[in-house]
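> Let me begin by handing over the structure; questions about it come next.
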Amino acid sequence: MSQEMTLQERMDGEGGSDPLRQAVKGAVAALAQAAIDISDLTCRGALAGITGQAQGRNTDGDVQKDLDVRADQIIRDALGKQPIAALASEEMEELDILNPGAPICVAFDPLDGSSNINTNMSVGTIFSIMPTPSDVNAAFRQAGSEQLAAGFVVYGPQTSLVLTLGQGVDIFTLDRVDRVFKLTGSAVKIPAEATEFAINASNRRHWDLPVRAYIDECLAGADGAGGKNYNMRWIGSLVAEAFRILIRGGIFLYPGDARDGYEEGRLRLVYEAHPMAFIVEQAGGGASTGRKRVLDLVPGSLHQRVPLIMGSIKNVQRLEHLHTVPDGALEANAPLFGNRGLFRV
């Protein structure tokens, strides 16, 4: 495998001339070009007029930044030239039907983590490609296991594109000289187990008992049930967290909790959880709500939210197991500060 293989060459190597396969290739190529244009904007920041200032709220109630709007338009313009039946975006209230007879539909989050723009942290784009069903209005009411392709782009120190076509995961890095994505990682595999976890620990008091028990195990380190010392990570950018997990393993948790509006988490199933779950499973990891496999979920609405726990398969399975333990048992076994220390002798 050549380190200089381009994304286009990799896609050409997939073979197949049927309309479905060709449409997927065209959509991926268009998304990659859009990502290059968005990368140019993020790199220039304030020099390109990117201030990170709020521009109101999107249809789902989240604060909308100026770059959210521009990234959304860049992607819509790129995909509008492809044989696509319908588009769905975080920034759009309803499905945008383009060509009902086309073979594929594309959902995307144009700029994940946009709250990080002002602090110069990584942001990204996430996308999911689905086959067009007989009723195009039901395009994104399909189980995640129906996805034809999924990917995400991280606009960080490098601009990286992570892609699965359902046969493993590849990573491409933007060559800024040639302005093309080049293959830098093939058949990526997530370690089966790792000692890093990512969660916003400030919300601990709102979590349900299984999540609290799992994090308590991690914090107990070698003295706890896991018998290992863990490190915590939290970037607040889904794409950055996912990329780290692909490279080093570990587990990411954005659970539902007891706060109003957070009962089902905050991540969207169609254009965040589904594509991430597809990628993570293709890399040998797991993706779950804690109780259900994410790829088995069928969206009830375009902007449905869902808890997301993903990463190294053994870590995810441990948390799933804790969801089967009665709450009384979890409370009885809750660690305080480990086997030894100020509060335990």
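Backbone N, Cα and C define each Cβ position, glycine as well.
If you look up Swiss-Prot, you'll see GLU90, ASP109, LEU111 marked as Mg(2+) 1 binding site. Feature annotation from Swiss-Prot assigns Mg(2+) 2 binding site to ASP109, ASP112, GLU272. Marked as substrate binding site by Swiss-Prot: ASP112, GLY113, SER114, SER115, ASN200.
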> Please list, in sequence order, every residue of the chain apart from ASP109, ASP112, GLU272 whose Cβ lies within 8 Å of the Cβ centroid of the Mg(2+) 2 site.
GLU90, PHE108, GLY113, GLY124, THR125, ILE126, PHE152, LEU238, VAL239, LEU267, ARG268, TYR271
> Of SER114, SER115, ASN200, which of the binding-site residues has the most Cβ neighbours inside 10 Å?
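Max Cβ neighbours within 10 Å, all protein chains included: SER114.
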> Rounded to a whole number, how many Å is the Cα of ASN200 (substrate binding site) away from the Cα of GLU90 (Mg(2+) 1 binding site)?
22
> Hey, how far is LEU111 (Mg(2+) 1 binding site) from GLU272 (Mg(2+) 2 binding site), Cα to Cα, in Å?
11
> What number of additional C-beta atoms lies within 10 angstroms of the C-beta atom of LEU111 (Mg(2+) 1 binding site)?
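Result for LEU111 (Mg(2+) 1 binding site): 30 neighbouring Cβ atoms inside 10 Å.
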> Taking the Cβ of GLU272 (Mg(2+) 2 binding site) as reference, which residues of that chain separated by at least 6 in sequence fall under 8 Å from it?
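Sequence-distant Cβ neighbours: ASP109, ASP112, ILE126, LEU238, LEU308.
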> Note down the number of other Cβ atoms within 10 Å of the Cβ of GLY113 (substrate binding site), including every protein chain shown.
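Step by step: centre on the Cβ of GLY113 (substrate binding site), count other Cβ atoms within 10 Å, giving 21.
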> Based on Cβ atoms within 10 Å, give me the single least packed residue among the binding-site residues GLU90, ASP109, ASP112.
GLU90
> Determine which residues of the same chain, besides GLU90, ASP109, LEU111, have their CB within 8 A of the center of the CB atoms at the recorded Mg(2+) 1 site, and list them by sequence.
ASP68, ALA71, ASP72, SER89, GLU91, PHE108, PRO110, ASP112, SER114, THR125, ILE126, TYR271
> According to DSSP, folded down to helix, strand and coil, what is ASP112 (Mg(2+) 2 binding site)?
strand
